[in-house]
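Among the features that TrEMBL reports, domain 'Peptidase S8/S53' is placed at 212-551. Residues or ranges marked as active site, charge relay system in TrEMBL: D221, H258, S484. According to TrEMBL, the feature region 'Disordered' maps to 506-526, 550-569. Sequence annotations record features per position, and here TrEMBL assigns compositional bias 'Polar residues' to 550-563.
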Amino acid sequence: MGLIQINGNTFDPSTARASVRTQSAGAAENENASKSKYILVQSNGPLKKAEKQALADAKVAIKEYVSENTYLCRYEPEDIAPVRALDFVQYAADYSTDFVVNPSLRVHTVGPPGHISSRTHTVDVVFHKDCQLSGCKKELCEAAHLDPEDIDLDGSKGKIRLTVQEQFLDALAALDDVATIQEVKPNRLFNNVARGILKVENVDVNGTTLDGSGQIVAVGDTGVDSSHPAFAGANRIKKLIALGRVTGSGKTNDPDGHGTHVCGSVLGSGTLSNGEPIQGSAPAATLVMQSLLDSRGGLGGIPDDLDDLFGPAYKEGARVHNNSWGSSQPGLAYDQSCQEIDDFVVRNPEMVIVFAAGNDGVDNDSNGSIDLRQIGSQAAAKNCITIGASENDRPDLTVAYGVSGSGRRDPRYAVEPIYGDQYADDPNGMAAFSSRGPTREKRFKPDVVAPGTCILSARSSLVADSGFYGQSPDPKYMYESGTSMASPLASGCCALLRQFLVANPPEQTQNAPPSGGSQQPIAAPSSYSPTAALVKALLINGAVELPGQYTPSEAGTSPNPNSGWGRISVADSVGATEGTKIGYGEHPGVDEDDVVEIPVTIDAAGTGTQTLKVTLVWTDPAGAMLQNDLDLTVTAGGSEKHGNVSSGSAFDRVNNVEQVKWEGVPAGEAKIRVSVQRLTSDKQAFAWAWKVY
């Protein structure tokens, strides 16, 4: 039996066959399941259709894949013996309270005998997915020792945020409808040359100049100086929404300056005082600003449920949403905010959600290399695009990592080669501050990187320019650094790819017929709107591997936990670079036994010198584990390669992005093959992109 890991808690099922809700996960065997209507079922392998049907016949309803070969299920009968009797079931028991409370909330509960902690925590109480919240209020109030007036379940979407004393956590966890209790951490901001690095200058494909025309990008940030010349002109700002300063008509101006700078990087279009144009990556796109700044200068406008952030922007027509903020604590596990992000994209598959990776890159052990495992919380969501920061190309700006804002030696970067490295002297290098992966769930993050050091963009008229990163050539603009600056540049690139895809719709592909062979293409509908999965696939497939600037490289062979799948290159994504041939598409959904094959012709000219790169992306249902696991295989010349696996016969079981990069691919017909390893839920749609260069 494999270990069961849920909500940061680990249990070995081999130590006991059963437990009851009021006892620990390792309690003695008990055949009665009357204490809970939720159980865990661990199978001896991925469940197939017949096994799922056998569970359904036993009145087991699968809700989520929660750990290796382990499923959280709803089960109404009291007798669990019929489930245990199934030949493919290794372990079946009620869902123990041991899994409910995240370990971060247990740190302070240890004390002397009789110790009762009145310390309070703000927590998200997350309910099981089929729970009817209307019937939970009385029990919730009693368990948390709160007045009914303090709890509002109206409009709650599967969770409620409470401030509760530690001593009442176990009582909350004992409520059968409660799935997890997670600590809420405060959020914080992740603080013209870059356009050339990203290859967005003068990209024209089939008569379409990529500038973001027709695309609406939402930005959730501190606000925007809407009077700034970077946003002048008709249809530049569609909607200003106040979420943090809501008194009266609400305020969306920007006394912080962060949001204005971010918006300028997405879609600003202006001219410096010396006559030089200065533009974001999508200068013709339209803005929806959601101001998150509260009256105390924090991010109190971020809704408790992120559906209430993305939903209004989606209704305004935004299909790209930039978020240059995240948890104040690095390296957190997949949590409820990740669930909300992933679920929103599942329900709204056209919405591209972009998050900054964070600025927690540090060299704590002073070995000259940035530490790993800082990316977490929102940026760890499977279905968002997580953006790290590479360096810009402004060698004239001499600020270095080893010198803090006060001019003192920065202990985070105390040794070479990081200490003396300038922020923006090598576009092939990583920014030292950029948070590294992998996530707690061992997924590759960031997905890609974009320039994030010494980025020149719009300055709000309500803030002064510190000049720390360099003297701006125009007082209306200023330099800033952070993954906050990389993320909006990437969001603008996503808008360009959406514009490209609308003008050049893909062909969908049917499943391979039983006898194998090629598929019949299905034309995309006339009113085509690309999925987030396809935008992500195209973005990642065009990314160029970051060589790094140190020896050994601080980036590494892609994919890696530093730069992900590489640095964004829009021209490479859309096939606008010389000698590049591309293909891309979407599939509406594969079932358990389906196989999809896409042929790619490798020209004989230049045999042995060409590279085939293929990227597979699917929007996975919410959950810390992969709910639906697809496999990417590429065959050519009698050999085959697997997604994210450098060699051998293994497959990736963690990521919902898989890539094969085949250097020296043999001439002739190569085949991209997508198959199913495991489906927890319904058929799984996916997108792919390939290029030969």
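Yeah, the Cβs are placed from backbone N, Cα and C, and that goes for glycine too.
What TrEMBL annotates, mapped onto the structure for a quick look.
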residue	record	Cβ within 10 Å
D221	active site, charge relay system	28
H258	active site, charge relay system	25
S484	active site, charge relay system	30
Distance [Cα-Cα, Å, rounded] between S484 (active site, charge relay system) and D221 (active site, charge relay system): 10
Inter-residue Cα distance where the pair is D221 (active site, charge relay system) and H258 (active site, charge relay system), in Å: 7
Segment-level pLDDT (mean, integer) for the domain 'Peptidase S8/S53' (212-551): 93
Secondary structure content of the compositional bias 'Polar residues' (550-563), with strand meaning DSSP E or B: 0 helix, 1 strand, 13 coil
Conformational class of D221 (active site, charge relay system) under the three-state DSSP mapping: strand
Three-state secondary structure, which DSSP defines for S484 (active site, charge relay system): helix
